[in-house]
Amino acid sequence: MKFSELWLREWVNPAIDSDALANQITMAGLEVDGVEPVAGSFHGVVVGEVVECAQHPNADKLRVTKVNVGGDRLLDIVCGAPNCRQGLRVAVATIGAVLPGDFKIKAAKLRGEPSEGMLCSFSELGISDDHNGIIELPADAPIGTDIREYLKLDDNTIEISVTPNRADCLGIIGVARDVAVLNQLPLVEPEIVPVGATIDDTLPIAVEAPDACPRYLGRVVKGINVKAPTPLWMKEKLRRCGIRSIDAVVDVTNYVLLELGQPMHAFDKDRIEGGIVVRMAKEGETLVLLDGTEAKLNADTLVIADHNKALAMGGIFGGEHSGVNDETQNVLLECAFFSPLSITGRARRHGLHTDASHRYERGVDPALQHKAMERATRLLIDICGGEAGPVIDITNEATLPKRATITLRRSKLDRLIGHHIADEQVTDILRRLGCEVTEGKDEWQAVAPSWRFDMEIEEDLVEEVARVYGYNNIPDEPVQASLIMGTHREADLSLKRVKTLLNDKGYQEVITYSFVDPKVQQMIHPGVEALLLPSPISVEMSAMRLSLWTGLLATVVYNQNRQQNRVRIFESGLRFVPDTQAPLGIRQDLMLAGVICGNRYEEHWNLAKETVDFYDLKGDLESVLDLTGKLNEVEFRAEANPALHPGQSAAIYLKGERIGFVGVVHPELERKLDLNGRTLVFELEWNKLADRVVPQAREISRFPANRRDIAVVVAENVPAADILSECKKVGVNQVVGVNLFDVYRGKGVAEGYKSLAISLILQDTSRTLEEEEIAATVAKCVEALKERFQASLRD
């Protein structure tokens, strides 16, 4: 919003300069974007009168004039402006004057005729871009007066950013209120004398949409001269606010809009059939707007209509049919309060953003309409003449906004501000803001003024008190708080540490929606009940996920469709499992899951193209589990999962409790999801791993280690992990390493059996092991394997 500094000072005039005023407005929460002078830098320009005006003898487009500037004689000035005429009061740059751009006025001859000055246009004085003719001043402009003084050009245009909550400051009155409060000065409002009705002419008004339009005022003004010129003082105020003068009627409504923040509209009364009806638009109804475009209206659009057709979009834009034109003699002035919700979004739907819709969307003072109507009527009659009828007021009190009583507690005020403000100051601030205040014990009861829609809760009052008291007046004090430092156990494993490990292994973290497609989820978890949303964003996002695989596999498909075939991603997040024993019937588990597919390595000339397999993912997963210190307690067991390949998957158990799955996606599921090639997934219940085993320091043996290899034949269904676990258990004191380095099936091994080659690393921390001890330990392992798994040594 732009406004004139001098216009603001007519309402409240603090004893501070322009820079201090701009800073004060900014600190009040109305950020000043710029302060610009309203005219260029010039001097030596005065008010003059064209006494004589004749055609130049040597030029068709020039005139020779004699101009009275209040001196001893008339000045001879040659002028080329088409509007130059005898009797006109003008702005005269006399000899010695300096105009914007350091243009100096000197005596000269133009086509043989002497010229002792220049008759100036607005553009030549740096006031506006209007260069169509010289400035036409009122007939009563005092001759010889400095034009800067007469037009009050020692003024600034202040532009502010008004936040949506401060709609009351979209008018001079709102900004003036804040400045008056901050400087503890009275607000000097212009005297608005009610215009009594001198005629009985009215139009019937019916409000059929009281929720959208709680108050509607209409007034007939007859016999106006719409061609009457707008006074220069009004044009200048409008210009300094960024509004171009149109005609007297439009200028008056714009003036009231800028002054009071109340949008108004004028209809050509003679084009209204029957009366005014405020209603919602009919489906498919159209309206030709003032700019000539046709708007197709929706049923939720408020319209001002007569008994046959729509005349205007309520609170947004007028219609062409009922607009004021050069032939208009009788008008109906409209002044209304429209509910913000009935206007919000309607203008944008039609590609519009008007000054009226901007204000109505944010909220207009519901108590302002009578004042604005009287102000507009007085200005219109003073400028255009005419006679006014009575004001017709249709108000639905039940739908008008009501201001609730807000309690402000002393404890809350002190706690949020961090500084004690005296009771009498708090009361004074609230009352200066326009609140009705009742003081209590350590509290205040306040009713916000009608123009402050943003004052609704206790925190709003705290903000207002702090703002008016002055943020700069609140002393800087160290924050005093009782801090309870959070404990961090050494046994806590940070999920961030695990993510870093996966990042180092080439994985990228993703975040997918918790809302998933129930059809896809049923493919991954057939027969498992999921939580369905009553009001989903879409059908494809109508179920809560049972695992992270649904979103991760969809991400893989998305990337493969964009030629990204090597994918390594992971995600941590909640799954939502229906559980009657859980709060609200839903168990929320924090999960860690990942997916890999494509080549094992990035493409490189020295590396063969090898596709990832089960052991690639299992190795990465073991690295994660190793961070917990529980890898030795983890078992990978063959266990069916409908989403995984039955021969290339495993359930993950920790101390006998299942904590997740790892494996290749089932070929049938791959086909249904349009996955390209082998895809492997894992998922872990993170909360069962977050408590890690703290590593214990131990002595490093200075004595040599001994390796012994054995090959044992066992049944095909015996897991190799069980064999390794048994070897560790038997040789717990001397066996420091057990590793499976070969699996053989074929000649020499019976069908249904396999040969496992295992290395045993034996070492003692206190001495060198004797060969007999080593042999005894190896024999003990073989015997244990024979007893438990019916294993035999392979020849």
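Including glycine, each Cβ sits where the backbone N, Cα and C put it.
Under DSSP, the residues of the domain 'tRNA-binding' (39-148) split into helix, strand and coil as follows: 5 helix, 48 strand, 57 coil. The annotation domain 'tRNA-binding' is assigned in Swiss-Prot to 39-148.
Swiss-Prot lists 401-476 with the feature domain 'B5'.
Residues or ranges marked as Mg(2+) binding site by Swiss-Prot: D454, D460, E463, E464. In the three-state DSSP reading, D454 (Mg(2+) binding site) counts as coil.
The domain 'FDX-ACB' annotation in Swiss-Prot covers 701-794.
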Per DSSP, the domain 'FDX-ACB' (701-794) contains 30 helix, 32 strand, 32 coil
If you count the other CB atoms within 10 A of the CB of E464 (Mg(2+) binding site), including all protein chains displayed, you should get 22
Residues lining the Mg(2+) site besides D454, D460, E463, E464 (CB within 8 A of their CB center) are N165, R452, M455, E459, L461, V462, R467
Across the domain 'B5' (401-476), DSSP labelling yields 33 helix, 15 strand, 28 coil
Other C-beta atoms within 10 angstroms of the C-beta of D454 (Mg(2+) binding site) total 18
Ordered by sequence, the long-range same-chain Cβ contacts of D460 (Mg(2+) binding site) under 8 Å (at least 6 apart) are I406, A448, D454
On average, residues of the domain 'FDX-ACB' (701-794) score a pLDDT of 90
